[in-house]
């Protein structure tokens with residue numbers, strides 16, 4: 001059978017071209033294996049992570065003996081067993097480090113993303129645009145997946161369409177009036193940081209006396225918040241300072257958090273006129289009532305069992321003792337970092353969250369469910385990763401064959417669509433004229449009060465947080481990214497009272513509007529409605545004391561989208577099916593599926609698709 005000249009040229013191109021794989025997790029392992037088996041000979045792979053035992057169910061280049069080692073290095077060694085002649089370079093490092101600048105990216109003919117967070121995706125997107133190198137972006141969320149191609153001047157970049165913002169709750173909801181299990185889980189994670197990690201004023205867990213809904217006078221009612229006689233009066237001091245003064249005594253800590261603080265909340269009587277009031281817990285009473293009948297283990301997997309109240313009390317005590325011991329071992333001034341894969345840390349959050357759920361009349365959750373919500377995990381499915389990795393290589397072959405115009409955005413569905421397809425290719429969209437990242441002149445206009453906004457706020461809140469800049473100064477932007485951004489500042493004396501700054505052409509960056517049916521929102525009792533609004537008044541939503549649900553390091557989750565949500569105008573974007581030519585509306589296909597998530601290692605390869 002004759003072999004076409006084009007095929008021979010493509011085969012030669014595979015053996016000579018240099019490609020970069022960013023990420024060596026679920027998709028990255030499958031991708032690296034596919035590349036060497038397809039004939040790619042010069043591959044560089046970078047990943048900052050190390051192998052955890054929970055990776056082994058789907059990251060098949062790793063074995064139990066590799067736990068604790070560099071993902072990139074072990075992936076390289078395993079891939080070479082498929083093709084010993086391949087030249088693979090591994091970097092155990094962050095792709096966002098300055099040494100991986102635009103000159104580094106220009107070494108490659110093609111970059112393939114297998115990332116797990118939005119910040120890194122943004123960064124690689126900008127580097128590839130600056131270097132004018134094609135980028136294949138990908139991601140999975142459970143059974144759903146997506147692959148798309150980004151080429152400067154031809155297609156939309158990763159940031160052309162706004163991504164859904166991560167959900168936030170007012171601080172007074174977390175501290176005073178939780179109505180959903182996730183509120184208690186967030187509170188427990190903040191409590192971990194207050195006790196054992198880096199203290200953050202925005203993550204306070206004590207009752208919020210500034211709650212605008214409470215509208216009380218502390219000097220008139222503080223005396224009613226009686227502390228336990230055993231522990232003496234507990235003053236309103238930092239949780240960490242108080243815990244240290246007790247030597248991290250688990251029983252005293254329990255009585256402060258779950259008895260005294262709750263009794264203090266009860267003095268804010270206006271909070272409980274339309275809500276069921278919380279019920280304080282007392283360690284001694286619980287211990288006395290638990291003695292006749294000890295906790296008996298339930299049936300099923302341990303992580304999927306829901307313990308009784310005394311069971312979570314014991315778990316709380318054991319985890320506090322273990323974590324305080326770890327803290328002492330690290331020495332003076334040391335801090336622990338919360339990790340859902342660290343058993344004592346996960347035990348602590350599970351116990352504290354469930355005890356708070358019980359206090360506020362919610363059904364308690366299993367360790368499995370708490371971990372899913374705390375880590376914001378969507379199950380990572382091995383077969384989904386394999387399909388997406390295969391599609392990445394197919395799109396890469398089109399690019400190397402000089403057929404970029406035939407590349408597609410491909411969606412992997414959980415169920416066949418009306419045309420009985422699981423894989424749906426869509427024509428790539430052209431660049432957005434309003435994108436400040438890939439426009440020919442990257443320019444953005446921001447409105448803010450120049451008399452009130454500090455230089456630090458400009459750097460941190462606007463340049464770094466809002467625009468995702470790593471090194472926001474003139475020298476570093478040119479050296480690192482290879483190009484400048486032009487920031488046009490509109491000088492204003494005042495914006496709306498709840499708006500810190502506004503990017504021209506976008507909706508104001510402010511808190512969400514209160515629910516339209518205020519009567520229904522106010523009548524919701526604790527934990528009995530899944531879609532309940534944060535249990536604070538509409539006034540509370542004007543407060544800037546909002547708190548994030550998910551970690552910054554694990555901010556990927558479902559909100560780390562590679563897909564492009566609909567424009568802010570609310571109109572649906574139509575996309576042509578590449579085979580039939582028919583137009584179809586891309587619609588949101590994944591949501592925050594906290595309770596249905598798997599007990600796995602990270603937010604690996606997770607995106608929000610539409």
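Backbone N, Cα and C atoms are what each Cβ position is placed from, and that goes for glycine too.
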What range among 170-200, 201-231, 232-262 does TrEMBL describe as region 'Disordered'?
201-231
Measuring CB to CB from residue 157 (Zn(2+) binding site), give everything in the same chain under 8 Å that is also at least six residues away in sequence.
125, 129, 150, 431, 435, 437, 438
Hey, of the binding-site residues listed (435, 438), which one tops the CB count within 10 A?
438
Work through the recorded sites one by one (163, 414) and point out the residue whose CB has the fewest other CB atoms within 10 angstroms.
414
I'd like the Cβ neighbour count for residue 160 (Zn(2+) binding site), meaning other Cβ atoms within 10 Å of its Cβ, all protein chains included.
21
Alpha-carbon spacing, residue 414 (SUMO1 cross-link) to residue 163 (SUMO1 cross-link), which is rounded to whole Å:
22
